[in-house]
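What Swiss-Prot annotates here:
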type	residues	note
COMPBIAS	609-628	compositional bias 'Gly residues'
DOMAIN	32-142	domain 'Ig-like V-type 1'
DOMAIN	147-257	domain 'Ig-like V-type 2'
DOMAIN	274-355	domain 'Ig-like C2-type 1'
DOMAIN	363-441	domain 'Ig-like C2-type 2'
DOMAIN	448-541	domain 'Ig-like C2-type 3'
REGION	309-312	region 'Interaction with laminin alpha5'
REGION	579-628	region 'Disordered'
TOPO_DOM	569-628	topological domain 'Cytoplasmic'
TRANSMEM	548-568	transmembrane segment
Amino acid sequence: MEPPDAPAQARGAPRLLLLAVLLAAHPDAQAEVRLSVPPLVEVMRGKSVILDCTPTGTHDHYMLEWFLTDRSGARPRLASAEMQGSELQVTMHDTRGRSPPYQLDSQGRLVLAEAQVGDERDYVCVVRAGAAGTAEATARLNVFAKPEATEVSPNKGTLSVMEDSAQEIATCNSRNGNPAPKITWYRNGQRLEVPVEMNPEGYMTSRTVREASGLLSLTSTLYLRLRKDDRDASFHCAAHYSLPEGRHGRLDSPTFHLTLHYPTEHVQFWVGSPSTPAGWVREGDTVQLLCRGDGSPSPEYTLFRLQDEQEEVLNVNLEGNLTLEGVTRGQSGTYGCRVEDYDAADDVQLSKTLELRVAYLDPLELSEGKVLSLPLNSSAVVNCSVHGLPTPALRWTKDSTPLGDGPMLSLSSITFDSNGTYVCEASLPTVPVLSRTQNFTLLVQGSPELKTAEIEPKADGSWREGDEVTLICSARGHPDPKLSWSQLGGSPAEPIPGRQGWVSSSLTLKVTSALSRDGISCEASNPHGNKRHVFHFGTVSPQTSQAGVAVMAVAVSVGLLLLVVAVFYCVRRKGGPCCRQRREKGAPPPGEPGLSHSGSEQPEQTGLLMGGASGGARGGSGGFGDEC
């Protein structure tokens, strides 16, 4: 069995199907229109920005419009575009006086050149697609501007730490930014956490101003209750600003210091340069007494001298300095300084004293004069006296060699080596830069002391006649001795370098037999006596003529050589005309032998030796060639 309404349902189904077919066949039956619009767009001031509005899907015909939402809520239309076929027809309606004006590009996007703070609005894109419906989307435009350099104006007055409430410290300015920057304060690089509500310890106030350009300027004023520790503190402020994409920046101001007023708590009083660690100053120096209190600003100082428990005021100034030109021993004593600070606490000691001690050293006095003459081998005592404060120390030296400490110098069994300059030096151990000296010259009177020497000496018996020798005599004494030689030619006496008091003379001569017999004497003399020395040479050998011996040896050698040559020549030419002629002239009578005795050979040899030398003289053609 069918339900009662079955026929009605059966009859309605074909109608619904037909309606669906008709709607599907209608050209305006399309999907719902949707838009792609970025909800937030960020840009830096002065840069260009493009707001995108893209319909999704395919629509042959639609109308795109851009609206601006102003502060009153009104929505003036800026531009529109109509899609006809494949092209978009653009129409600008209201530029709102913007320069450069708004523009639509070929894709229906809204273009804002050189973005300004006034462009920071909501921009609405509306697309009407007929039967597909109408879509609307909003893009929020934020324009960012970096503020100018942060400026700070500190309080240039004198701020008292005795105030029990916060005082104005400085004002910080950050101008022409967007959005409005934030200002923070710093002391010695550490951020100050100060509230914005007024309280005695510190707070800050802020004020934001919109400039004619639409940019924002922020002013912050800092108030603090100051302490004495803030006298050396450095303060500054910083502006924190925002940038696109969630970034941030910071601009710090220059640092500054405050001028504070605080009472004196401690006073110092001392002797300035020059002074020694023990507190002494030298007589004649320029001395400064320095007084300093730790209050600010600098208080007034009263400098005085105590004499018989009475104050003698010497100077009153704001520097706390007292200068004593060319200080003398009479200025030794007690000096004082008082700080005139009426804001100081009752238990603070505002007065200080010190003891000025002037060191002095008078010229030294010797018991002897500048020159002391003493006989050889005698003794003497010299005293050195001095007055000074603190007690001086005395020391004796000679040629920088220490001799002893104390005022007395004892000289005993003096010799010529004792001659020289003796120095008494006085010094103050606690004042190293203060010292004096006094000296005297010791002259030892006595007969001369003599020393002799030979240059290249030889042992006894090694001298030969004609050998050259240099003799040297050296002497010392006082008065200076004179040097003389027993022969002429001695050099003048001259001081010996590096040997104080010694003079020297030299004599160069040739050794002879007479010198060997008599010797050479050198004598040193002065009014106290003389000393004499004789140089002896021992046995002197006669000089052999080496040249004559050499000539004789050569002559003998040449003669023997000529004799051998002559004999050899005659043997080779035996029987020749020359030999026969010689035999005719000098042959013995017949029957006598050629050599009758041993002595008959010598004349012939002599003749042979002489023939070579005399034959040429006799005939001009002689020589060994004419005689055998």
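Here, residue 1 is simply the first one shown, and the rest follow in order.
Using the three backbone atoms N, Cα and C, a Cβ is placed for every residue, glycine included.
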Tertiary contacts of the region 'Interaction with laminin alpha5' (309-312), as residues 6+ beyond its ends and Cβ separation under 8 Å: 336
Mean per-residue pLDDT computed across the domain 'Ig-like C2-type 3' (448-541): 83
Most Cβ pairs under 8 Å with the domain 'Ig-like C2-type 1' (274-355), selected from 32-142, 147-257, 448-541: 147-257
Number of helical, extended and coil residues in the domain 'Ig-like V-type 2' (147-257), per DSSP: 8 helix, 59 strand, 44 coil
The domain 'Ig-like C2-type 3' (448-541) - residue tally per DSSP class, helix then strand then coil: 6 helix, 51 strand, 37 coil
